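Accompanying notes for the structure given below.
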Amino acid sequence: MIRQRTLKNIIRATGVGLHSGEKVYLTLKPAPVDTGIVFRRTDLDPIVEIRALAGNVGETTMSTTLVNGDVKVDTVEHLLSAMAGLGIDNAYVELSASEVPIMDGSAGPFVFLIQSAGLQEQEAPKKFIRILREVTVVEGDKRATFVPFDGFKVSFEIDFDHPVFRNRTQSASVDFSSTSFVKEVSRARTFGFMRDIEFLRSQNLALGGSVENAIVVDEYRVLNEDGLRYEDEFVKHKILDAIGDLYLLGNSLIGEFKGFKSGHALNNRLLRTLIEQTDAWEMVTFEDAKLAPISYMRPVAAV
């Protein structure tokens, strides 16, 4: 049986919010079967919980924000991408502020934290959402699509008319049956344009952003001294973001996501459209792991 997974131990980290610039204390904790990923604002009294589900998404400007009434948690996508990539079904994410810390701008530090905590298999089958037919949403020239696929695959294309992007790969397709999320996707960092940063800061966004936690591009070049981690790091980061956004289905996916210039808003619209079209998907479990089109790394012993 492919089982649900949680963390073996509690683990903590500290960072700053990309948009708020605030110091944030993050604690990841194990959670019981069928809990899902639940964010908890421990700085509030009483503590407010928000489940990581598509229907709880509020703002999608520059990041994905979960809301419960007037309480929010910003920038959840990189942590959720790490949870998805490592197959974590159930966890509590405790935060001392309204935003998940940006760390280095990728999912890599969250992968390290989760692997350091160790993974624990649980006594219940893991539930997958299997795509049965194509579902597409369009906004202008942007497009996001689910299609049936016996596994999990994410294809993405970006289209930036800019010197830095013209010479680099702007499309990628990652089939996770043959490609490691940890090695090939998790370290891709978020990116931004120098020309946009002043405007964003005037809107109280990107207050914590720097070359320490993002790829920064001016009119001609990448400003980070160390350059890029992957030749196709820009589009790989969009794949990383999409994996985090897709995990707001509440379950791992069997199917392919295709994005063309898609972002957090369109990704969320695709999830909501899929959920409404109940003939387009089914929930499945696998009693025999050998029959599953998706496999996960064996649980890692806590470091």
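Sequential numbering from 1, following the chain as shown.
Cβ from N, Cα, C; glycine included.
What you see is a predicted model, and the numbers here were worked out from it, not measured in a lab.
The annotation in Swiss-Prot ties His237, Asp241 to Zn(2+), and of the candidates under consideration, His19, His78, the one tied to the same site is His78. Other C-beta atoms found within 10 angstroms of the C-beta of His237 (Zn(2+) binding site) number 27, with every protein chain shown included.
Long-range neighbours of Asp241 (Zn(2+) binding site) (same chain, six or more residues apart, CB within less than 8 Å of its CB): Glu77, His78, Ser81, Thr190, Gly263, His264, Asn267.
The number of other CB atoms found within 10 A of the CB of His78 (Zn(2+) binding site), across every protein chain shown, is 32.
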